[in-house]
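Trainee: The structure under discussion is supplied below as structure tokens; questions concerning it will follow.
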Amino acid sequence: MATETTTATPTAPSATTAEITPLPAFSPDLYQRAWASIPHPSLPLIATCHAHSVTVFSLSTLSKHSVLTGGHTRSVRSAAWQPPRGKVSGKEAKRLRLVTGSFDTTAGVWTWDQGRREESLEREIRLQSGENDQEAEEEEEAEDEWELTLVLEGHENEVKSVNYSPSGQYLATCSRDKSVWIWEDVGNPNPSSEEEDEEEEDEDEWETVAVLQEHDGDVKAVAWCPDVPGRKGKYAPPRRYGDDVLASASYDNTVRLWREDGDGEWVCVAVLEGHEGTVWGVAWEGRPRENDKFPRLLSWGADEVIRVWSLKEPEEEEHGEGAAGGGGNNTWGFGVPNTMRRSLKEEWECTAVLPKVHKGDIYSVAWSTETGLLSSVGSDGVLALYQETANTTEKNEENETNGEAPTTTSAGGWKVLTTVKGAHGPYEINHITWCKRYDAGSERKGEEEMLVTTGDDGVVRPWQVRIQ
């Protein structure tokens, strides 16, 4: 269930100025439509989907690192890095895996080949640490050393999006066939030692645990809620189901939220309605909220609107021992039949609609985990930057006079800081993401953030963002 309000939570003082400037593009240009660029969660690598391939670029050198090719017969639309599972150490690279979603109806699981992976990735780690390693800089890029180790089949039409849960245990895929599939990694669960990891690192075994078919149209995107304190904190829903929550966006103009109930069944717990066109994507808030409130959710689409959704805070009594299944009469816990449990439905509300900037479909929005800034791109070629602010209304007439989008604040407390028109020339921009900087021009390698846009022109372009 979803309702719409215009409440806002005051935030830190607003920035007065913002500047977005282009950095040298990743090389080489791809010279064909590119769909998305996905940064690795911890290594200085970013994977770009295009044609039948994925090109992995180095964030240290802004050049090609490796290529995944030969596994798909149609365009690769999406990709996701598997988060490290079990013990995390300097040998984390041994479990480097990427999943790709393709228009050929399949998802592919790729592993970096052991023969060259350690040498190449250790080079990236040296560059990441800021060492002035001239020899590393001059090394030739590695040959294509990716191996397609598993193909996930089941969808009847194009796979539009793939996304891992925070633990890496689950993978979600969605398709034009109106379904969302959830897969579980059962090949190497929670390795407890480096020796065990060494023995099992090449095992890839996935099982289908759910096929969700409640959307009435093409499912465009899926996104798992990140593992931030609010996901399990005071304002998290009572334990009538597991911690993982998945959001899906659809051609049917809705967003659906999914959770695993006490019987291990994945169920729809909320339908978010309000968009007047296809919902192209969803993104979760990655920064912890004040008082450990549950993470908010973004949605955007063909109606040129970006919405912010918040979980309605439950009544205090719902957090009692009975609701949590931890004692008392266990009235609503896991130990009673489905028919006797309280409804699994959650109530979400639209707490903000961002100021309108785009004239055309909004294809991608990114939410910074460091600053909380939002950035958006779409079919009009505009790159926009937003900031959350106090619940006031402002308008910067100077921006409007200069032909820029006027700086305004919506009822929900967001304003436009700046825009870049024609960020990829006349071409549509399909994707935007925040990621860490490791290149030579960075003043704080591994800490400073930049934006990366991916467009129909085949250019993967980084952008420096300066806020004052």
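Here the Cβ of each residue, glycine as well, is placed from N, Cα and C on the backbone.
On a predicted model such as this, the values are computed, not experimentally measured, just so you know.
Here's the feature list from Swiss-Prot:
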type: REPEAT; residues: 71-122; note: repeat 'WD 1'
type: REPEAT; residues: 154-193; note: repeat 'WD 2'
type: REGION; residues: 185-204; note: region 'Disordered'
type: COMPBIAS; residues: 193-204; note: compositional bias 'Acidic residues'
type: REPEAT; residues: 214-268; note: repeat 'WD 3'
type: REPEAT; residues: 274-319; note: repeat 'WD 4'
type: REGION; residues: 314-335; note: region 'Disordered'
type: REPEAT; residues: 357-396; note: repeat 'WD 5'
type: REGION; residues: 391-411; note: region 'Disordered'
type: REPEAT; residues: 423-468; note: repeat 'WD 6'
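For each feature listed, report its degree of burial, its nearest neighbours and the pertinent distances within the displayed model.
Mentor: Residues 74, 77-87, 99-107, 200-201, 203-213, 215-227, 244, 246, 248, 250, 258, 266 of the same chain, all 6+ positions outside the repeat 'WD 2' (154-193), place their C-beta atoms under 8 angstroms from a C-beta of that stretch.
The predicted model assigns the repeat 'WD 3' (214-268) a mean pLDDT of 88.
Secondary structure of the repeat 'WD 5' (357-396), assigned with DSSP and counted as helix (H, G, I), strand (E, B) and coil, comes to 0 helix, 18 strand, 22 coil.
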